[in-house]
């Protein structure tokens, strides 16, 4: 079927619309949303297999041929990210059943949830730079709803900040696209790449470098790199756990994906400047994230700062631009999506039990909740990259690629950061789970068993992703090869080129 | 203070239909000339807003007992359905079809599936505008 690659976008879209009609009937909403996201997982898994067998899939929407119309492109990287997104969406969804509360469920929570997935999957799939902007907006609109739903004081305060930052960065995005269009005269990403290559014979024009930096600022704001992450610790702190898990696992990663895509497909001519800048910012993100993660005594804050560290590590791999480091980046990107979702969901359970996220006021949880404790422990080890868990392979490849590209001190900092990540996450484990057990008000009302389903599945996936990396590796390698050799992507989209 | 808005109310009763007729004209004009679902929708919601200004929310919701949020959803279904129809014929998503049909009274008419898509846009625009205005209005 020619339209296969659009289905992971179309299914949540239709689901979201249907859920608007069922807003007041909670059980019906849960069934519709649950079944549709299972179907989405199956279809995106089939899509990954199709890309593996038949190569890059493209779809010229509305039958306008590339480069004139909008083209959707599923290469291995985008197919893998769509699959990961579908899995995380399903698990966050079933976690929401027992934790989000009836009031939100009746106020279009599940509809907004599905529209968010439309935006994320669309951004991963599109092959048109302006269409990328459109899907960013779809995703952001839905995230505004999810952030503000519930209307607590902190949520409203952070929503204003979040909307302001994103409106400004969206404006910059349009400006950057307009600049790029005025220089290359096309919006199709493969065609842009061709035109930039033609213009950069020998010496790339300065304007292309300016545009590259502009795009870095735009995507850096969404992806929370140094020094543009300032809005994130506050805004992500406000919403409830499943929304936080979605934001932390998916939204920043869309920014990271966009940087990876543009910096490997468009702006690979003046690497001496652009990729040096990217690697510097990536290293600074790691340092800033580590400082935050160690300094705070708040569960949510610690994990949120760990997002910034991960973003830094992934982008460091991208900036090195070797096949090894790109493989590592993609490996680590998928690992981080899974494990951050797991950690945020686990943190949500801890907070639901203790009624606070302040580590000073939590202790001895492992006595009453051993399952929760050990799941958290495995997730923590996976995050830090202890072999054979999932963080290890990715980080190893990133560091190897860093050494190959002779970024010795950068690779060293990535290596060192693992240790401090382990320290920051163990701080939660040691202070929250060890020590004398306390009695918490209202802890008996928390359905811990049911809430544990989603994070346990995520941790199991993370374990298999690490232990079975030999089976995953060919897929990731295929994705990295497309990134390292833009011709593959261009040929698939423009055919005759 | 009781305001005397009899002129506004009387004028509205006439102007309302003119605006709605014009919005329908603009909606269909969008097929080959400037216009379309978006402006058509804005004009229609402009007419309903005029009604709101001349009378009050209770009266208007009695005249037009519409759930505007459902209207957005119906509009979206129209738009998505037009796009997804392409899936049945195994052509790329959003590919449209058109042709000339001999209708009884109108004669030779060109029909285009883009009109259905535009109808979706029309409904979404009216739904969104009215939801926003009602929400602001309720706050007082």
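Every residue gets a Cβ built from N, Cα and C, even glycine.
Feature annotations, courtesy of TrEMBL:
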type	residues	note
DOMAIN	A:128-420	domain 'NADH:quinone oxidoreductase/Mrp antiporter transmembrane'
TRANSMEM	A:6-23	transmembrane segment
TRANSMEM	A:30-48	transmembrane segment
TRANSMEM	A:107-124	transmembrane segment
TRANSMEM	A:130-150	transmembrane segment
TRANSMEM	A:162-187	transmembrane segment
TRANSMEM	A:207-231	transmembrane segment
TRANSMEM	A:243-265	transmembrane segment
TRANSMEM	A:303-321	transmembrane segment
TRANSMEM	A:341-359	transmembrane segment
TRANSMEM	A:371-389	transmembrane segment
TRANSMEM	A:409-430	transmembrane segment
TRANSMEM	A:451-468	transmembrane segment
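The transmembrane segment (A:341-359) makes no contact with the transmembrane segment (A:30-48): fewer than 3 of their CB pairs lie within 8 A, with pairs spaced 6 or more apart in sequence. Contact between the transmembrane segment (A:303-321) and the transmembrane segment (A:30-48) is absent: fewer than three CB pairs lie under 8 Å, with pairs separated by 6 or more positions in sequence. With a threshold of 8 Å between CB atoms, the same-chain residues lying at least 6 positions outside the transmembrane segment (A:371-389) that come near it are 306, 335, 339-340, 342-343, 346, 349-350, 365, 395-396, 418-419, 421-422, 425-426, 428-429, 433, 448, 452, 455-456, 458-459, 462-463, 466-467, 469. Below 8 A, the CB atoms of the transmembrane segment (A:6-23) and the transmembrane segment (A:107-124) form 3+ pairs separated by six or more positions in the chain. Residues 8-9, 12-13, 15-17, 19-20, 23, 29-30, 32-33, 36-37, 40, 78, 81-82, 85-86, 89, 92-93, 96, 100, 131-132, 134-143, 145-146, 149, 246, 250-251, 254, 257-258 of the same chain sit 6 or more residues outside the transmembrane segment (A:107-124) yet have a Cβ under 8 Å from a Cβ within it. With a cut-off of 8 Å between Cβ atoms, the residues of this chain six or more beyond the transmembrane segment (A:162-187) that come close are 67, 128-131, 133, 136-137, 140, 143-144, 147, 195-196, 199, 205, 207-208, 210-211, 214-215, 217-218, 221-222, 231, 235.
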